[in-house]
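**Q** Below you will find the structure I want to go over with you.
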Amino acid sequence: MQFTYQISEVKQIILAEGNIINNDLISVLLTDSRRIVSATGSLFFALSSRRNGHEFVINAYNAGVRNFVINSLPEAPMPDANFLLVGDVLLALQTLAAHHRQRFDIPVIGITGSNGKTIVKEWLYQLLCPEKHIVRNPKSYNSQIGVPLSVWQLNSTHEMGIFEAGISTTHEMDRLQAVIKPTIGILTHMGTAHDEGFRDRDEKISEKLKLFRESELLIYNYETLLDHKVEIENIKCFTWSRKFKIADLYVFSETTISGRYYLRALFKDDEIECLIPYRDEASVENAIICWATMLAMGYSPDIADDRIERLTAVSMRLELKQGINNCSVIDDSYNSDIQSLEIALNFLDQQNQYPKKTLILSDIYQSGVEQPVLYEQVAHMISSKHIHRFIAVGEALGQNKQHFTLPEMHFYKDTQALIDALPKLNLHDETILIKGSRAFEFERVSRLLVQKAHETVLEINLNSVINNLNFYRLKLQPGVKIMAMVKAFSYGSGTFEIANVLQYNKIDYLAVAYTDEGVELREAGITVPIMILNPEPLAFDKLTSNKLEPSIYSFGLFDEFIKYAQEAELINYPIHLKIDSGMHRLGFESTEIDALCDLLEINTYVRVQSVFSHLAASDAAQHDEFTMQQISVFDSAVKQIENTLGYNVIKHISNTSGITRWPNAQYDMVRLGIGLYGVDAAVPAELTDLRPVATLRTTVSQVKKVLAADTIGYNRNGSLTADGKIATVRIGYADGYRRAFGNGVGRMLVNGKLAPTVGNISMDMCMLDVTGIEVKEGDEVIVFNDTLRIEQLAKEIGTIPYEILTNVSERVKRVYFYE
Ligand SMILES: *Cc1c(COP(=O)(O)O)cnc(C)c1O
């Protein structure tokens, strides 16, 4: 059923050069050597945007892959592999997917827009799957790489495809159009997101419309395309509107009924209605789009209403949370299909914090594949992911037991049976993936396994961490390494959670401030080299037994370490030498280099792994002359040291803003700190592709009416200028929301509106002026995120973003997620 292509056929399709050694059959396309499920049948695309491309090729080869699309032959000999040589590997991937797409004469819905693509896609899937076996993008795989991989899933059992396409700049949509070739198009909400990549909103809309070039039907909001009518004049259109009667679906009445949203509209001169189980603005708009689509496709208003009423929430997020009994829990309890299972399993596989891994999995519905085949596939996928314990829930899994061979297995007929058995299972010190189809209500399981969070949470977007890492990678000259600074709890963002992501993404080095921080990473299974910036002599034992590498910044420390090394009989232990080139904090001064070299010449206990220095003002133009001087001081110190040693060391001086502003000072490595977390003082926030990693959110505990004459909080410092209302929220200075934010200095986002603080900040809570804002108890409040940025907060209280980030106290639970 899975389509296969002979590699010789692929070669012709993508117009590649190269010799075919064995005419293998290809069924799987790979772009990431860390995600190999079965090597036979896999074709690996070595995408050049990824650094270490050739390293990934070698990894894939070692894992058994023998077919590659590549733009230059690897140096290492791999005589039994097929290499298809092309100029543009990404284009080859897209060309192959486009060819595959052409073999299917089925309706394909193509979705684009700036917001709501994934929700609309998932909802349409829910709405249309009763009749049709549908293929769609997993999660929000809508990029230049994600779309071809999604379309490649098409096979002869599918009766419909629903694919979303995301673009961030011009010329990208033509390529995605060729791959998706939608017969039906949907344009979702057009907001201002990703405006950077376009001249203006019109250019952005025109680019997106290219997806529909060959579509037979287009569904869109009437107002959005008033200025773009010519571009779509050849397409049959179905419009919806809340303002214009001329639209095919004219929504003229909207009211809330007991938490749901009731819409009335005119359609073909009839009055029709629809009840939506959500009432927030975005969900309502997305639901209207789905409604319009169903009507445009010929569904009756009754069926549309009936199904829309039963739409369920779509969670595209994979959340990593702290569990009970010292467990990590990956919570993906909202839906289950084979593609998203694979994504979740990969995330589980990335976790190193506990040797033991457990998978809790429910039956998978609507796969369109015969059960035995499906579960054999599932079993095969699971077998490569280092899972120790398999907990299966559902009758289908029970009936297909025989396919699974894992060290420990439990089968339960339903969720309740699992819940009853949980105490006996004695889950502790392990990483648990919870993955269930909607109907199994696995949130009941996750509620029992996840530590209850006090309602203030720091959310860390792991996609953004990777995005930021790649953002800086693209700025590096070939071969330059990256040391990621994960000191101070990764600038407040987490320990092993961040380190796992970095290690998985092939970071060269990590650095922390103190030995204990390094030990914690080693205990969590982090194996990459780790530099300790400030090693304490009392902890040298711990340091060396954990293979941590000290930074040596003074003669005193050098002596102590050599003495220790002598006693411990170390040979060539890696150390890092820190030069003080002008910061005047730690390091050997230029006048001390001669003496340092004398010491280095006679010692065999240590080996100098790297020599580095730190820039005091790499982000500030007014200090550029000073920075240049620092670089030159460093340069001559390094030369002298290398001459003495007779071997080359890794040289590094640039921190985040150094990477951005001093491309000539990259040397062999850069030390990436705050940029990883989405902040770079050297570039204005609105002009970069960096993404803030953290969102700090809390909730409203109470809303009160207050009079102008009332005072609010300790010392009666706060009051409103007129009668109004305040909200008490669950965050205070003990959580890291500094007292300096009090009395109107700080602001938070309450239901999308900025609300200033009133009165003093208390230890565990504070009050906001929410006069004129619709708010109730339990509502969410944003302290900072990608709109209300930490740069802004820092400015308000006269500090720097570093301090805002690292201040968030450990009492605030961290939740990590992948989209
Ligand atoms: C913290 C630190 C960095 C990272 O600085 P950023 O400005 O956060 O990039 C680099 N080098 C040293 C020595 C540091 O202590």
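Backbone N, Cα and C define each Cβ position, glycine as well.
Quick caveat, the model's predicted, so the values are computed rather than measured.
Okay, these came from TrEMBL:
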ACT_SITE  Lys487  active site, proton acceptor
MOD_RES   Lys487  N6-(pyridoxal phosphate)lysine
BINDING   Arg585, Met763  substrate binding site
DOMAIN    693-817  domain 'Alanine racemase C-terminal'
ACT_SITE  Tyr714  active site, proton acceptor
**Q** Which site among Lys487, Arg585 has the most other CB atoms no more than 10 Å from its CB, taking these as recorded positions?
**A** Lys487
**Q** Whole-number answer please: how many Å between the C-alpha atoms of Met763 (substrate binding site) and Tyr714 (active site, proton acceptor)?
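**A** Cα-Cα distance, Met763 (substrate binding site) to Tyr714 (active site, proton acceptor): 11 Å.
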**Q** I'd like the Cβ neighbour count for Met763 (substrate binding site), meaning other Cβ atoms within 10 Å of its Cβ, all protein chains included.
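**A** The answer is 11 other Cβ atoms.
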**Q** Roughly how many angstrom lie between the C-alpha atoms of Arg585 (substrate binding site) and Lys487 (active site, proton acceptor)?
**A** 17
**Q** Rounded to an integer, what is the Cα-Cα distance in Å between Lys487 (active site, proton acceptor) and Tyr714 (active site, proton acceptor)?
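**A** Lys487 (active site, proton acceptor) and Tyr714 (active site, proton acceptor) have their Cα atoms 36 Å apart.
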**Q** Counting across all protein chains present, how many other Cβ atoms fall within 10 Å of the Cβ of Tyr714 (active site, proton acceptor)?
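**A** Its Cβ has 13 other Cβ atoms within 10 Å.
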**Q** Using DSSP, what's the helix, strand and coil tally for the domain 'Alanine racemase C-terminal' (693-817)?
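**A** Tallied per class, the domain 'Alanine racemase C-terminal' (693-817) gives 23 helix, 45 strand, 57 coil.
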